[in-house]
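Lifted from TrEMBL, the feature list:
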- 485-638: domain 'PROP1-like PPR' (DOMAIN)
- 203-237: repeat 'PPR' (REPEAT)
- 238-272: repeat 'PPR' (REPEAT)
- 442-476: repeat 'PPR' (REPEAT)
- 477-511: repeat 'PPR' (REPEAT)
- 512-546: repeat 'PPR' (REPEAT)
- 582-616: repeat 'PPR' (REPEAT)
Amino acid sequence: MQALSIWPLKFGLLVGSRLEFELDCSCFVVSSKTRKRHCFVEQACFGSVSSLILVSSDRKFEGLAINPASKVLFLCEPKRRLLGSSVGVGWATEQRELGEEVSREDSSSVSALDFDHSESQAVSGGKETKSRVNVRELAYSLRAAKTADDVDVVLKEMGELPLQVYCAMIRGFGKDKRLKPAMAVVDWLKRKKSESGGLIGPNLFIYNSLLGAMKESSGFGEVEKIMSDMEEEGIVPNIVTYNTLMLIYMEEGEYHKALGILDLVKEKGFEPSPVTYSTALLVYRRMEDGMGALEFFVELREKYAKREIGNDADYDWEFEFVKLENFIGRICYQVMRRWLVEDENLTTKVLKLLNAMDNAGLKPSREEHERLIWACTREEHYIVGKELYKRIRERFPEISLSVCNHLIWLMGKAKKWWAALEIYEDLLDEGPEPNNLSYELVVSHFNILLSAASRRGIWRWGVRLLQKMEDKGLKPQSRHWNAVLVACSKASETAAAIQIFKGMVENGEKPTVISYGALLSALEKGKLYDEAFRVWKHMIKVGIEPNLYAYTIMASVLTGQKKFNLLDTLLKEMAAKGVEPSVVTYNAIISSCARNELSGVAYEWFHRMRGENVEPNEITYEMLIEALANDAKPRLAYELHLKAQNEGLRLSSKPYDAVVRSAESYGATIDLNLLGPRQDKEKRA
């Protein structure tokens, strides 16, 4: 007995004890269980050389006995892949096709072919000759071939070549997207078969290689013709043929037809291999049918548990199912990710698939959870992000800080600010420690909440938000204090505004012109004019330059104090500093006059604003009409109402009611028809 040393991923054709040729490839496999080494014998034609013995082992080759009657010994060491096992396909280049999940071997490409017919004795017609074939160069010379005649021009002087050479070239042409030369080679082999009387010609492995080339080059138009040719030649497809057909139908988008191959395989008496099942799962992936893929796997697992499948000793099914389980997990993850990037809102489907995976006992990794969270970018995705975050916290000891920051941002985008704050609290309590981005994101959410409180005058909410920030170690900045000050001012909460202003100073924040303006407004609404005047003087003293809003508030304060000489001085100061009084400024003066029952003064300022080319608006007329009506001047109020209407202004029902009430009280004669209909529950634009 002779001991042979065989390298993995190599195969060789030996004549006697001499190496005839060698080709690196990982796709000529005949699988066996790792616990049992055995041989698989198949007859094939190599011109005048026959009696081909195929040997495969998943472990290693030890001492092998060579039958002296056998002229050829073919040895193969398969390489296990991530998905699927080694598949018995004979000596041809039957590489497993798993689409996206199976890496392609560069050695199958024309650009990577390196098939050396070594300098050893070649058997041809009983004569021994020395020759060397460079398959890369040979394939390159055939790259432009379109017909069998083109191939014959190149190969007619080459003599007999092992069929592995043609398989390798056909596969390589497919990798390089050159289907025409691959078809031409097969047509040429058909011609040679008739010329040699059947000694050399295309066999099952040649056709499988051609189908693989069609799949690689996306040239699906000739698939049915190839299958018909095989039937005419009496060549029976094997499991590799059907696996390749499944992939071809999948690439064509004929998903249901691809899945139908499973039934065809059983009908033909074949037992589906792990690659067959992996390919079927891949079809579900292309369909983006995560639930269908999961149900297929669960059914498959149940059949395996009942020993209805997995009885083929050529495969380590226990090991294969581990890989299938990993594969279905990846498929579900990829499908959910695709659902999340679709324009359509598919969050419900994502949540259902997550629950179905739990029921099936599949546990995605933390990394897969986090990558799904990164795919959550739209407002409606917040519920998926929240669920995934909960799962990570419950099932894994750690979570990425960047993922937490992304979730804080997502919750804010979905207006789920309290949920964002909960995530930040988890960072403080459970880790990882928040960074500057975490801080800025949460603070930005507080900005939104405080701005809302400011706009709506919800001052108590604003105060609670400030307290919440301090409790979580977030130092409120001036804009946060200002937002609460404005809310207090709008709510006329003078005492609260004073406390917030003091708290702002005590916390080391320097008040801005907005801070002073909000405080002045709160004091003015509380008629604390003296305090407001002191705040104004302090603001000027510390170098804060008043803006239009601050000037407007101070004009209202001086009006309330009836210090009209100081009011004139203030307006002159505004003009000197280039701050022009606006309609809001005059409205504040007229409104303050109205509150202090100074309708005559208000009417004078009305004419003054028109003299300054400042056009009154609805608020101006409404405040002045109400002031005149309440001051026993119904006729003047009536005339102003008509004037506003003539100017195209739509007044609310309040001045209308004030005019009617005043006319009735003081016996004035007015024409209600001229006033028009009362604006019941209508809002001004």
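Every residue, even glycine, has its Cβ placed from backbone N, Cα and C.
What TrEMBL says about a protein is an automatic prediction, not a curated fact.
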>> Across the repeat 'PPR' (203-237), what does the mean pLDDT come to, as a whole number?
In response: 86
> Which numbers of helix, strand and coil residues does DSSP report for the repeat 'PPR' (582-616)?
Replying inline: 26 helix, 0 strand, 9 coil
> Using DSSP, what's the helix, strand and coil tally for the repeat 'PPR' (203-237)?
Replying inline: 28 helix, 0 strand, 7 coil
